[in-house]
Amino acid sequence: MASSSSSSSSSSSSSSSSWLSNFWSSARRSKTLTAYSSEAYKSTASGEGLLRRLGLFDLLLLGVGGTIGSGIFAITGAVAHDVGPSVIISYVLAGLVSALNAFCFAELASRFPAVVGGPYMYAYTAFNELTAFLVFAQRVFDAHIGAASTTRSLTGYLVTTLEIFPFFKEHVPSWIGHGGKEFFGGVLSINILAPIILALLTIFLCRGVGELSILNLFMTLTKTIIIFLVIVIGAFEVDVSNWSPFAPNGFNAVVTGATVVFFSYLGYDAVTSSAEECKRPQRDLPIAILGSFLLCAILYIGVCLVITGMVSYTLLGDDAPLAKAFELKGLKYMSIFVSVGAIAGLTTTLMVSLYVQSRFYLGIGRDGLLPSVFSEVHQTRRTPIFSQIWVGAITGILAGLFNVQLLSHILSVGSLIAYSVVSACVVTLRWEETVVSEVSTRWISTWLEGVLFLLTIACCGFGAGLCFRFGASFVLLLVTVVIAVIAVVALHYRQVYVDPPGFSCPVVPLFPVSCIFFNVFLFAQLHQEAWLRFVVVLVVSVAIYAFYGQYHAHPTSSNQIVIHDKPALEEALITNHDQDTFKAI
């Protein structure tokens, strides 16, 4: 009897050990970056992949459309009220950090020009399968809630605009668009207009990337022209005395403001998700990423200069600051233009967000980490219809039943994590090919040593952020910075770096590791509930991977990662007699 019990215990222990061994083995799988193969475009030629229709101008508009939205129509006023006219410096500081991130995205977009996935795909190649899945989960969680919150804001602007006409004045019930009809003490907040808008946009996106490009062109040009008019007309109403005092609450308030407005720049990374639908990805993706970021930065700074110069910063707030500034100057007609611009801005932001999320699901579905139905592409429309409908449905449920705007303080966690991982990918992919095969006589491999240095820099960034947030001793802050600098120096001299094909991020590893440090620094400034949300999503995503992903993933059989080579592409397509596909590319 004792022998039987001992045998059962031994079998259970062996089974547990085997499960952990399989989990660890699966989690460490990764994709391989190889030279060009005609297989990379085989799916395009056979009708299984996405259609390559986007040119440089389309990509630029996609980046601008995904970036400029509620940030410029609401956040500018709220931050200006707390920071003063020095909100301009906040946008400049945030822009500098975002520029570093943009350079990292540009290099990886050039190295991964033929596939969808964005940060998920970069992490899959630079690190491992589990890291890639965790990046996907954190990013898509933010994206769902962010899109639902944007939809709620859009319904509010639409109803407010309709109420300009007497027929609608005070006749639109709350459950249609104004906030929402609350039930069970506010647990549910019904808004019927939000899912209707999402359903219409989802149907539109399912029709194809060409239709998206046309609507995005119209909406983005509309809001850009209106913002330009705001800057030009507002410039004639500027009173320089309103810029004094410039920083009434000190430099700390300026830095805190930078952590808030940093999220206004998020969106240009949407360009990377269109890689498989871009005509000339290796050339156009880096240009579109950097170009859209630069244009958005100029518009943001221009708007800040105008509104803080038109009226005192104490009169601004988060309730339509642009419209309020013009009303105080007696230019009420401009509020109509601002409302139209806000509707156009929120619509493009929402539309690009839905588009990007569907491409995230498409990439991860191809690799088997989620059911294969997410990887299905419509034979005629050449769009991932199931993924697109799934994204629209989840967002519609959130926007229609809950006031997700209350959750805004836990957002941006996924973006900061994804951006940090992207920066780390730039560093590891530069030296992975050189050092991964070296036989080291030390107790730790060169590759793992480099990863530990990157983790050290991230921890120092978080520590510095906590010191700044809670007003800790300057000496403690200085110590974290010194340790980070030592890790950067070690990364520089202990690794061998190779130049990548295509666009190259400058000053590697300094630029990418600076991104990691500042991104995690900003992460430390977030609400403590955002940290809890990060841990909860982390645990849930690990569980999903452990019980589903590790058993169904097939990283070597799909989505081959390639370095784009146009002559080889031309030869492959001509050999296959696919002239129409070649012309489309």
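Including glycine, each Cβ sits where the backbone N, Cα and C put it.
Just so you know, TrEMBL annotations are computer predictions that nobody has curated.
According to TrEMBL, the protein has these features:
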type     : residues : note
DOMAIN   : 503-552  : domain 'Cationic amino acid transporter C-terminal'
TRANSMEM : 59-81    : transmembrane segment
TRANSMEM : 87-109   : transmembrane segment
TRANSMEM : 183-205  : transmembrane segment
TRANSMEM : 217-238  : transmembrane segment
TRANSMEM : 250-268  : transmembrane segment
TRANSMEM : 289-313  : transmembrane segment
TRANSMEM : 333-356  : transmembrane segment
TRANSMEM : 385-404  : transmembrane segment
TRANSMEM : 443-464  : transmembrane segment
TRANSMEM : 470-491  : transmembrane segment
TRANSMEM : 503-524  : transmembrane segment
TRANSMEM : 530-548  : transmembrane segment
Within this structure, do the transmembrane segment (217-238) and the transmembrane segment (87-109) have 3 or more Cβ pairs under 8 angstroms, counting pairs 6 or more apart in sequence?
no
Reported in the order helix, strand, coil, what are the DSSP residue counts of the domain 'Cationic amino acid transporter C-terminal' (503-552)?
40 helix, 0 strand, 10 coil
Contacting positions for the transmembrane segment (289-313) when only residues 6+ beyond its ends and CB under 8 Å are counted:
59-60, 62-64, 67-68, 71-72, 76-77, 80-81, 83-85, 87-88, 91-92, 95, 98-99, 102-103, 105-106, 109, 224, 227-228, 230-231, 234-235, 237-240, 242-243, 248, 261, 264-265, 267-269, 271-272, 321-322, 324-326, 328-329
Of the stretches 250-268, 333-356, 385-404, which racks up the most C-beta pairs under 8 Å with the transmembrane segment (217-238)?
333-356
